[in-house]
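Chemist: First the structure, then my questions, so here it is.
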There are 2 protein chains.
Amino acid sequence: MDDDVTFAVLGTGGIGRRTLDVARHKDGLTPVAACDRNGVAVDHDGLDVEELLDATEGNIASGPEADGDTPATPTDDYASDGGLASHASETSSEPGSDGGAAAVEGGSVGDGTASDGVKQAGEDAGIVASAQGEPTETPIDDVIAESDAIDAVLLALPNLEHDFIPRVAERFADASYEGVLVDVLKRSRVIGMLDDRADTLESSGITFVCGAGATPGFLTGAAALAAQSFVEVESVEIWWGVGLKSGYEDNRGTVREDIAHLDGYDIERAREMSEAEIEDLIEEHDGRLEFHDMEHADDVLLERAGICDAEDVSVGGVLDVRSDEKPTTTTVRVTGTTFDGERGTNTFELDDATSMEANVNGPALGYLKAAVLRNRAGDYGVYGPAEVMPSF
Amino acid sequence: MDDDVTFAVLGTGGIGRRTLDVARHKDGLTPVAACDRNGVAVDHDGLDVEELLDATEGNIASGPEADGDTPATPTDDYASDGGLASHASETSSEPGSDGGAAAVEGGSVGDGTASDGVKQAGEDAGIVASAQGEPTETPIDDVIAESDAIDAVLLALPNLEHDFIPRVAERFADASYEGVLVDVLKRSRVIGMLDDRADTLESSGITFVCGAGATPGFLTGAAALAAQSFVEVESVEIWWGVGLKSGYEDNRGTVREDIAHLDGYDIERAREMSEAEIEDLIEEHDGRLEFHDMEHADDVLLERAGICDAEDVSVGGVLDVRSDEKPTTTTVRVTGTTFDGERGTNTFELDDATSMEANVNGPALGYLKAAVLRNRAGDYGVYGPAEVMPSF
């Protein structure tokens, strides 16, 4: 059996870059394409990941008008809604995904030549700073054009319009792509949008695993498994800890998004805060922000899998921006009743030593590999992380 | 989408009976056939489970010559190797599976009429004591004959020859069965025997999930999931607790099998022990038997899924025959290294309130449902519990 998997990454922000990095530690995963807003790199024999990561380190294509606080101008191919409003609900555990914002935080001084607003090298140049990168105005179409030879595509796109990922999936289907799509950023409403397109994706021969990061993703899967002792699940509590000292600068955009989840805050208010106001708020909390009842897609994904009602799922956690130690242990607790009438709570706990990055990107690639096996077996459609056991 | 699943149970020992019981608590699972050594019950509109369970309670068909200590005479259709030697490695967590031995322990006085050695009612009569049961000499063939209308078959067969389940699977394939087979009793060597038949099963259109009980099964799946944080897994420790006071009488055969795992004991020695010797041994241990380095198929199944080497997996646990409280908490610990070089241990813990029965039969039906969805999607072949996320 041919177990080798070729894959592409759309987006080279935190998650895209780490996906390429983690894949180096996995057997049989060959990255053959990557793109960002302004560039694309394709090599069907396998990208030189080291060169690509070196060239793009601290250097994420932000586009001509991207900005941390105001919407970037949407382009035909790589539209953006400006970041804040789009996925405030899930990035707390995936701060590195926030490629666009991170790039902006990194500074706006390019040392290369911009043509049509595209920086060709250095900061903000993104993938075109790599020897493997080519500038393009249609990065996603460029990857689709190569997709006959690509088994799977990880959509690691920065903050974009709510229906951006569903629309990207549809474009793959329109091109009769037969393969796997996986995304790691998933707000609840997007899942419905993907379900609306399930027939189209299935007809094309696409196996789509949505919400395949840490939460939703890994921890959703753990909840689904832990539920197996029970015939009735009364609650699922997902509680995460993230220590983000060294990653703080790269993740200011995400921290701002998380603030929208605090009592007395919402997306609008968080969006309007100045950097100084955010620093004051963080200072007030001694660097630790604690979140309760976050709007995470785990709820929809567990309900979709028939495990419990969405309202029985709660997600919260603690983000510490002044320490890389986790401020609390990431835990999933599933409480239910067994067929013989006993009530109990099964627990899944991640070691504090496992970073958020390890817990997002390992599972993302695990779900990707599993989806490829299903796709090769002829199993198409839209799946959530509560329905698929990730491969190793 | 038609989500309803019809299923059959081969064997109505502890696991078979409880599978019927647990299925009553699950949506969309309709039992349509069940058989034991001497009888078969089929109703494509759904068996009357309550009647069947009532009629067969404490009353498991043991066959004309079955005996707790000596081999029963194999029949053409339902061969037995006499129990002790066959699956000493995994039943410690599945004591109720030991249908044949349990029946014998229950006594041999039938109050019905035996024809050709088949008791028609009362103790040892088994399924023919039910109003729905019919006597038969070919129970498995009788179920196969009905299998066009059966989505899935749970092989909950008592202690049988090592290749019995693979041969049963082959018979379903020979009859061009297109559906799901699931088994819950799985010693390591059987998995290879199933893999040897994978092409035959796949060609027929069979999706087989092997080792789909608690361990292997539920806990193997938990280990596979917990491994997702890591790029290198160094150890998987599965540790179970079973409290078996009220179930002891029904599970003496299994306790005997477990004894084979104790230091200084082996299958031969355990087989030759008298009941009195076993009681003395249990007394010596104050009713608690502790096991280490058990030969469980979790190791092969995790290696098969690429997670670690079989030798890095250890299975042990504590069986308390004098309490229904678990003597120790069932726990899976997966230790590995993340892509960013950190070493950690992720943990999955079952609440002590969840019985062994809940943790065998819930997952067994969960794997069965998941396998039906895969089968309907055209995904055939042999899978282990580390490769399939059980449905709820």
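A Cβ is built for glycine as well, from the same backbone N, Cα and C atoms used for every other residue.
All annotation found in TrEMBL is predicted automatically rather than curated by experts.
Feature list, courtesy of TrEMBL:
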| type | residues | note |
| --- | --- | --- |
| ACT_SITE | B:Lys186 | active site, nucleophile |
| ACT_SITE | B:Glu257 | active site, proton acceptor |
| ACT_SITE | B:His261 | active site, proton donor and proton acceptor |
| BINDING | B:Gly11, B:Thr12, B:Gly13, B:Gly14, B:Ile15, B:Gly253, B:Thr254 | NAD(+) binding site |
| COMPBIAS | B:69-81 | compositional bias 'Low complexity' |
| REGION | B:59-119 | region 'Disordered' |
Chemist: Provide the three-state secondary structure of the residue listed as 'active site, proton acceptor' computed with DSSP.
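Modeler: Helix, per DSSP.
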Chemist: Applying a 10 Å Cβ distance cut-off over all chains shown, what neighbour count does B:Thr254 (NAD(+) binding site) have?
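Modeler: For B:Thr254 (NAD(+) binding site), the count of other Cβ atoms within 10 Å is 30.
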Chemist: By a simple count, how many Cβ atoms lie within 10 Å of the Cβ of B:Glu257 (active site, proton acceptor), its own Cβ left out?
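Modeler: There are 27 such Cβ atoms around B:Glu257 (active site, proton acceptor).
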Chemist: Between B:Glu257 (active site, proton acceptor) and B:Ile15 (NAD(+) binding site), what is the CA-CA distance rounded to a whole number of Å?
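Modeler: Distance between the two Cα atoms comes out at 17 Å.
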Chemist: What is the Cβ neighbour count of B:Gly11 (NAD(+) binding site) at a 10 Å cut-off, with all protein chains included?
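Modeler: Other Cβ atoms found within 10 Å: 32.
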Chemist: Would you work out the biggest C-alpha to C-alpha distance among B:Gly11, B:Thr12, B:Gly13, B:Gly14, B:Ile15, B:Gly253, B:Thr254, the residues that bind NAD(+) according to the record, and give it in angstrom as a whole number?
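Modeler: So the maximum pairwise Cα distance among the NAD(+) binders is 16 Å.
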Chemist: For B:Ile15 (NAD(+) binding site), just count the other CB atoms lying within 10 A of its CB, please.
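Modeler: Here the count is 31.
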Chemist: Provide the number of Cβ atoms within 10 Å of the Cβ of B:Gly253 (NAD(+) binding site), excluding the reference atom itself.
Modeler: 26
Chemist: Whole-number answer please: how many Å between the C-alpha atoms of B:Gly11 (NAD(+) binding site) and the residue listed as 'active site, proton donor and proton acceptor'?
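Modeler: The residue listed as 'active site, proton donor and proton acceptor' has its Cα 26 Å from the Cα of B:Gly11 (NAD(+) binding site).
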